[in-house]
Amino acid sequence: MAEYLASIFDTERDKVNCSFYFKVGACRHIDRCSKMHNKPTFSQTILLKNMYINPQNFAKSADDSHCKSEYGCLHQYGILSSINKILCCFTTPSRFLNKYLLVSSVTDEEIQEHYDNFYEDVFIECEDKYGEIEEMNVCVNLGDHLAGNVYIKFRREEHAEAAVNDLNNRWFGGRPIFAELSPVTDFREACCYQYALGECHRCGFCNFMHLKPISLQLRKFLYGRRLRRHHSSDHVGTRRTRSSSPRHGHHHS
C-alpha cells in the first residue's frame, strides 16, 4: 500500500495532494483547492508572485469591463501612474530607474526591450546578492495564479532560502515582493509545449506555464558573466548598455 501511495503522489490519481501545485508551483483554485498544497521547507527554486507586469496583458485588461476606470487599473496592478502608461523598467530601490511605455502604441520590439530589462535587473540583483542561478523563468499567462510569476532556480538550496527571507522585506517597481519556496525543479514538466509551438488554444488561461524567452543577446550576456568574473576584476553587476530612444524617458528616484 505504501508503494502504491508513493507511486501516485502528486499525480492526477492522487486524491489528497494537488498535482498542479506540485508541477507548476501554483493552482488556479489557490487557497480554495480541495487538495493539499504541500509547500516545501527546502528547495532550489523560489517563486516571486505576480512580479512581472506584462504591457500586453495590461492593455488587454484595460479594455475589460472590470477595469474601465483608471482607479480600477491602479487598484488591480498596484501602479501609481496614468492608465495609459506602465512602468517599463524595474530596478531595486537603491538604484530605481523609471521608464514608461505607452500601451496604446507599443511595438513588439519595445515589449521585448521592456521584458529584457526587467529580466536583467532581477537576475543580476538576485545572483549577485544571494548566489548562482541555474535558470530563471517568467510566466506571461493571464490567470491570476500564474500571471507575472517569476521562478528562480538557484544552484544551492541555502541560497534560495536566503533569497526568500530577504526578498519578502523588499519592494520592486513600487510594489512589495511576495516570495516563497517552490516545489518546481523541472520546468520541462511545468511548461506548456503547445504554447512554445504557438498552438495553445487556451490563450493565456492555460494552467501550465507560458514562458516568455529573453533575447539571445541577453542570454549570452547573463550566462556568460560567470566566465568573465574569472578573467576580469570588473564589478560582476555591470549591466548591458540599454537603448535610449525619445519615447523612453528616464528619471531616477
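Residue 1 is the first one shown; counting continues down the chain.
Quick reminder: no glycine exception, Cβ is built from N, Cα and C everywhere.
The shown structure was predicted, so the numbers you read here are calculated from the model rather than taken from an experiment.
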Please find, within the list 12-40, 41-69, 215-243, the residue stretch that TrEMBL describes as zinc finger. 12-40
Do any residues of this chain, six or more beyond the ends of the zinc finger (12-40), have a C-beta under 8 angstroms from a C-beta of it, and if so which? 47, 143-146, 149, 151, 180-184, 189-190, 207-209
As a quick check of your reading of DSSP, tell me how many residues in the domain 'C3H1-type' (12-40) are helical, how many are strand and how many are coil. 9 helix, 2 strand, 18 coil
